[in-house]
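Enquirer: Encoded as structure tokens, here's the structure I'll be asking about.
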Amino acid sequence: MKIPLAVILGPTGTGKTDLSLELAKYLPVEIVSVDSMQVYQGMDIGTAKPSLEDRKRAPHHLIDIVPPDYFFTVAEFKERALKAIDEIYERGHYPLLVGGTPLYYKVLFGEFSIPHVPPDLEFRKKMREIAEREGEYKLYEELKKVDPKTASKVHPRDLKRIIRALEVYHKVGKPISEIAGEKKEDRFFVSKIGLYMPRELHYKILEQRVDKMIEKGLIDEVRNLYLKGIDERFVSMQGIGYKELLKYLKGELTLEESIDLIKKRTKEFVKRQYTWFKKYKDIHWFDVSQYSLSQLAKLVYNTIINDWESQGYRYQDQEGVDKVND
């Protein structure tokens with residue numbers, strides 16, 4: 001049985017959450033978070049999680065599901081996401097995938113499989129010490145030697161993925177690219193919606209976004225985690241905003257330096273997100289600066305229905321179509 005689902009993706013700060021909640025007025029959806037950081041409990045401000053009030057407007061899945069000291073793998077994401085998708089459809093609702101983690105989408109839609117190799121925390125600690133001492137490019141050069149195929153697809157500063165690839169090679173003696181063979185799946189009727197905005201406007205919004213997070217208490221959020229023993233050893237603390245403020249709390253950076261670094265790295269990450277997403281050929285892109293939220297939701301609704309029907313799924317809620325077209 002093929003399941004109809006929709007995807008709202010795009011770089012950080014483009015309004016994916018707002019659109020998903022507006023779309024829920026027209027389409028009976030449950031939202032599945034496709035965000036590698038929102039899975040962690042106690043990390044709310046820096047990950048821009050939907051508020052508890054927002055989560056009452058539509059059911060949400062894969063948010064706050066593991067503690068911050070837990071190593072949440074891509075393979076586990078796929079398993080949990082597929083389970084949520086099946087259960088949502090069984091309840092008579094439509095799965096709406098929302099988030100900006102490209103690797104999660106690639107795995108979920110079967111573009112490649114992920115090896116089930118448990119984490120080696122000691123190995124990771126050694127790798128991070130090397131990166132701190134000799135620079136991130138040292139590890140990237142090592143990855144190029146043992147797994148050039150993966151290295152060609154990973155940004156030289158994407159330390160988390162570089163260390164994971166080296167870890168897999170260290171534990172099983174094979175490149176992760178060799179284990180993660182290509183594997184296409186055709187389980188879904190899919191409509192992919194992408195959000196973007198002009199770069200200058202986007203960067204301005206990103207800077208304001210960081211300032212608002214600081215005002216909301218991001219420093220205290222990081223401090224509380226640090227006092228509980230959650231530091232740079234854990235994957236959760238590698239998220240942008242957390243690792244920079246951790247350096248401030250440890251006296252390695254001033255507050256101004258750490259905030260400037262958060263803004264800089266957020267912009268760099270957004271550039272990489274645009275690069276990743278632009279590789280997909282089947283995304284309907286919308287410039288969010290050109291529409292009100294209500295206008296955009298109606299356009300996206302009709303795009304989703306048209307996509308499903310062009311793939312052979314007949315959407316039955318004619319009342320909903322009329323309401324959107326009014």
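Yeah, the Cβs are placed from backbone N, Cα and C, and that goes for glycine too.
Below are the features listed in Swiss-Prot for this protein:
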type    : residues                                               : note
BINDING : Gly10, Pro11, Thr12, Gly13, Thr14, Gly15, Lys16, Thr17 : ATP binding site
BINDING : Thr12, Gly13, Thr14, Gly15, Lys16, Thr17               : substrate binding site
REGION  : 35-38                                                  : region 'Interaction with substrate tRNA'
SITE    : Thr101                                                 : site 'Interaction with substrate tRNA'
SITE    : Arg124                                                 : site 'Interaction with substrate tRNA'
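Are these features on the surface or tucked inside, and what are their neighbours?
Expert: Sequence-distant neighbours of Pro11 (ATP binding site) (same chain, 6+ residues apart, CB-CB distance under 8 A): Gly100, Leu195, Tyr196, His202, Phe269, Val270, Gln273, Tyr274, Phe277.
Under the three-state DSSP scheme, Gly15 (ATP binding site) falls in the coil class.
Sequence-distant neighbours of the region 'Interaction with substrate tRNA' (35-38) (same chain, 6+ residues past either end, Cβ-Cβ under 8 Å): 46-47, 49, 62-64, 72, 77, 99-101, 103-104, 236, 239.
Residue density at Thr101 (site 'Interaction with substrate tRNA'): 20 other Cβ atoms are found within 10 A of its Cβ, drawing on all protein chains shown. In the three-state DSSP classification, Thr101 (site 'Interaction with substrate tRNA') falls within coil.
For Arg124 (site 'Interaction with substrate tRNA'), the count of additional Cβ atoms within 10 Å of its Cβ stands at 19 [all protein chains shown]. Classification of Arg124 (site 'Interaction with substrate tRNA') by DSSP places it within a helix.
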Enquirer: Per residue, counting other C-beta atoms within 10 angstroms of the C-beta, which of the binding-site residues Thr12, Thr14, Thr17 reaches the highest number?
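Expert: Top count of Cβ atoms within 10 Å goes to Thr14.
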Enquirer: Using Cα coordinates, what distance in whole Å links Lys16 (ATP binding site) and Thr101 (site 'Interaction with substrate tRNA')?
Expert: 12
Enquirer: On the 0 to 100 pLDDT scale, where does the region 'Interaction with substrate tRNA' (35-38) sit on average?
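Expert: Per the prediction, mean pLDDT sits at 96 for the region 'Interaction with substrate tRNA' (35-38).
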